[in-house]
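Beneath this line is the structure, given in structure tokens, with notes to follow.
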2 protein chains.
Amino acid sequence: MFETLRRYVPVLDWGRRYNREALQSDMMAAVIVTIMLIPQSLAYAMLAGLPPEAGLYASILPIILYAIFGTSRALAVGPVAVVSLMTAAAVGQVAEQGTAGYAVAALTLAAMSGAILLGMGLLRLGFLANFLSHPVIAGFITASGLLIAASQIKHVLGISASGHTLPEMLGSIWTNLGEVNPITLVIGVTATGFLFWVRKGLKPLLLRRGMRPRLADVVQKAGPVLAVVVTTLAVWGLGLSDRGVSIVGAVPQSLPPLTLPSLDFGLLTALFVPALLISVIGFVESISVAQTLAAKKRQRIDPNQELIGLGAANLGAGFTGGYPVTGGFARSVVNFDAGAETPAAGAYTAVGLAIAAMALTPLIYFLPTATLAATIIVAVLSLVDFSILKTAWTYSKADFAAVTATILLTLVFGVETGVSAGVILSILLHLYKTSKPHVAEVGLVPGTQHFRNIHRHKVETDPAVLTIRIDESLYFPNARFLEDYVLDRVGTGGPIRHVVLMCSAVNVIDFSALEALEALNHRLRDMGITLHLSEVKGPVTDRLKKTHFLDDLSGQVFLSQYDAWVALTAGPPPMKSAE
Amino acid sequence: MFETLRRYVPVLDWGRRYNREALQSDMMAAVIVTIMLIPQSLAYAMLAGLPPEAGLYASILPIILYAIFGTSRALAVGPVAVVSLMTAAAVGQVAEQGTAGYAVAALTLAAMSGAILLGMGLLRLGFLANFLSHPVIAGFITASGLLIAASQIKHVLGISASGHTLPEMLGSIWTNLGEVNPITLVIGVTATGFLFWVRKGLKPLLLRRGMRPRLADVVQKAGPVLAVVVTTLAVWGLGLSDRGVSIVGAVPQSLPPLTLPSLDFGLLTALFVPALLISVIGFVESISVAQTLAAKKRQRIDPNQELIGLGAANLGAGFTGGYPVTGGFARSVVNFDAGAETPAAGAYTAVGLAIAAMALTPLIYFLPTATLAATIIVAVLSLVDFSILKTAWTYSKADFAAVTATILLTLVFGVETGVSAGVILSILLHLYKTSKPHVAEVGLVPGTQHFRNIHRHKVETDPAVLTIRIDESLYFPNARFLEDYVLDRVGTGGPIRHVVLMCSAVNVIDFSALEALEALNHRLRDMGITLHLSEVKGPVTDRLKKTHFLDDLSGQVFLSQYDAWVALTAGPPPMKSAE
């Protein structure tokens, strides 16, 4: 009983062993992460089209709930760039930005996503995330990075623009280019340049000056905070907000409010597919980060329990004025590097952010949105990596097609279309390949009992025995292929008296393929040729035994291909001793 | 040049070798088929919701075009039951039965289907038909047979009813049950009973009376013609049409008219998916029949050229007042049994039907629709075969699920939904299975060089060497599975120093799986364990060589698992001579 509870509520496990050392490490990590998260939460809320406080709210209760239900020691849950962009795209279709309906739709999306994740976790459907192949994820992340950066250009220029796809965004920016605010532009470009320099040049400089690497890291992570402080002071001191510089403005000073997701059927229907995609993509992002960090400390992550942890976090976001959240890469790595020992570090971060939400919001009144945009642009451009195109091209044209389609469709038609098309294309390409399987004619490697492709290796063959190794499971898309192949091969006449199908790579024979094998057996028998099988695997044999096929088979089933060779050729071939 | 032409126009090949014997055989077959086709064409047109002449028109030009472009010697192309039902369902959604728009939509559907088939043939997409697995086809045919029979009950009862799904049809019949016409009921039930008896009891009776089997066959096939003649005479002689018996009525006496398919964009869009499904299902039905008959004479069918032949036939139907056609089972078997030698038999049948369309239509004025309905019911109930449920259940639960879903969804939601759901379900079940592949720990079968599952066979193992045979290609749905499995297996500690992945069943390693293998290699190396591969296939090796993986691999790649065993264990095991 308690075991089951402990499986679903991991805090009961690590919480009992919590001690002072862990407390100190966790507190230290929490301080660093809190400082980093304040500007990031505001910025991502803006990216999602929500007021800045939504970003803070989405980082408080969700973190605590994940600390209770999640399995990763270092994962930091909250708003992330890609999910914020997807939220903007989904909610933008059902409500006008800036309205109360928009905020309600966003938190409803979070609650739906939470329910979906929780359901997947309880049904143990974590494996579904595997259908997002590596090329599709890589392509999607790169394209999303570009989309997100493009969506922030308007804030750097101080103009208004709209759109959820690259052509829409660029077109809208082009149209409104006349309205550029020069002061905003200066702030935005300077902040962007500064943050790029912080990311690339600051740490080496500090190290050269003799700073300890750990401290240099912390200083580098505080870069965005410095940009926020300096630009806020500049706008306040020089009265720039009166000269058209867009600022964050009044943010309510409060703890996260209690909110209720909408139960409007039309809204729920419209948001279902986006909620599903956000859930799956958020889960994939989160689990990748969690597994990477866990591997470094030889810990294991339970994907199905992660679904439950993320589900609880998103439900929490839905009931406290937030929007969809997941485990973020940057924040989790910072948390890990800062020495977080347990999920309690997340809980302390939540306390820090709650204090910020209550006490610090007046201080960001004059914070220019251009600075937040600069934070986002610098963060997401590190996600953009076209090298996947080259590696995929070298390795496999099918994987290359999946990456390219995902990138292009994401940019041109938006995130949902892009990632869905990528997944569907990956599956179709796989089915296409398996429908035309690789088939090799094999012979005996001299001096061994091993059989290989006659075209690749120097092997012994017997003109009366045709041995075909089928390099694919036999199932409906390729059921007729084998029949056609064998009949074409023997149809040329010649001395073939035995056909052996070497089934070492056949993992399944489905009902359609069984029909095809039966047909092949009859046709070959009509031609005076016997059909044999060799190296049929246990699970496949078990299933064939339930049918009449093995009784009707004109030939035999051999345990190994070598047994078949010995039985069907005149005698054993000359055999060297094994080494 | 001429070779290419001959490939696409097979008549140029067999036409040059045409002689008097072939002509006689073909003429004889044509006469028999024509007699059988007249009532069948009228009946199927009624099933499709079209006037009776449409069935004749659909059997004339299409047959001739197939004779020119098709590859089967015996296939008889024309209206068939399943496609007629699908036509009724598709056209019923865009036009009212009995209107001119309905007929135009039907011939437009034929033309679209022709264009799709032709396109698939030129792009050599014949393999796509393989995605209709055997269980899906079997379930679909059975459910369609029931649906078609149900759709004809109203004609037997002499009531009006509507609907394209079983619940709709039965509900509609129930509602209108008060209107039953007793005379129609007598004609319908008698004709149905008579035709069932002809099918089951007539031939044995004739044989017992000493009739030659060939002739008994012909008499049996003429059964429907007898029913048509007798009931027509009865209606005419007794004046039953004045007492509420529904009759065929006036049918224009003419050759097929020249018609033009509609180019209305809305109509084309609405009909696209039905046209695609009709094309694929028609093709599958046709190719199955053609291959069965070709096998009996050791001939071969070219699936891609068949697509072209059927495409031409359907285009022909679209331009001559017909509706979608395909190669039918019953008529093709009759054609084959009657001795047809070449596709020319089809052309002579077309001439026979053209004469019927011009001269015989006044004779069927008093033909009761109940007789046509009886013809259809008896023909389609032979398609209904629930034994597939039992065999599929025994063999594989996944195949059983596909059959059951196809049958139920076809009956309840109609043919399009049923067959689409069956195909999608088959694919999803396959993907699910491959995402959790079978993995076996293997050891050496004593006295051989062969390795098998340690749980199924008595084999030798070495505690320092863990050998895992992966029974599936490694690709994105299962990429993480292997990593998790191996780490779980070695994570228990113990003396394992080498992990060997036996790749005899790995037909593909895709990009996602390559990433997972790289991760596995690094993790195992961190634990002091070397990772080896064995029996990697040629195409897989070729691809791995393009990457750094083989350079980074901590262990080796062995040609055979036995080589790995010899190299990694202390020395070769005691070895008996090979028999």
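Yeah, the Cβs are placed from backbone N, Cα and C, and that goes for glycine too.
Quick caveat, the model's predicted, so the values are computed rather than measured.
Note on TrEMBL: of A:173-198, A:485-510, the range annotated with the feature transmembrane segment is A:173-198. Counting residue by residue with DSSP, the domain 'STAS' (A:455-568) contains 51 helix, 22 strand, 41 coil. Only sequence-distant pairs (6 or more apart) were considered; of these, fewer than three Cβ pairs between the transmembrane segment (A:372-393) and the transmembrane segment (A:265-287) are under 8 A, so the stretches are not in contact. Beyond the transmembrane segment (A:218-238), the same-chain residues lying 6 or more positions past its ends with a Cβ under 8 Å from any Cβ of the stretch are 32, 35-36, 38-40, 187, 191, 194-195, 198-199, 202-203, 206, 211, 245, 247, 334, 338, 363-368, 370-371, 374-375. Looking at A:27-48, A:265-287, A:307-325, A:405-429, the range that has the most CB pairs within less than 8 A of the transmembrane segment (A:135-153) turns out to be A:405-429. In the predicted model, the domain 'STAS' (A:455-568) has a mean pLDDT of 87. Sequence-distant contacts of the transmembrane segment (A:405-429), counting only residues of its own chain at least 6 positions beyond either end whose CB sits under 8 Å from a CB of the stretch, comprise 82, 85-86, 89-90, 131-133, 135-136, 139-140, 142-144, 146-147, 164-167, 273-274, 277, 281, 389, 398.
Within its own chain, the transmembrane segment (A:173-198) has Cβ neighbours under 8 Å at 153-161, 220, 223-224, 226-227, 231, 234-235, 240, 243-246, 368, 370-371, 373-375, 377-378, counting only residues six or more beyond its boundaries. Sequence-distant contacts of the transmembrane segment (A:265-287), counting only residues of its own chain at least 6 positions beyond either end whose CB sits under 8 Å from a CB of the stretch, comprise 75, 77, 80, 82-83, 86-87, 89-91, 93-94, 105, 108-109, 112-113, 116-117, 120, 126, 128-129, 132, 137, 140, 301, 303, 306-307, 310, 314, 324-329, 415-416, 419-420.
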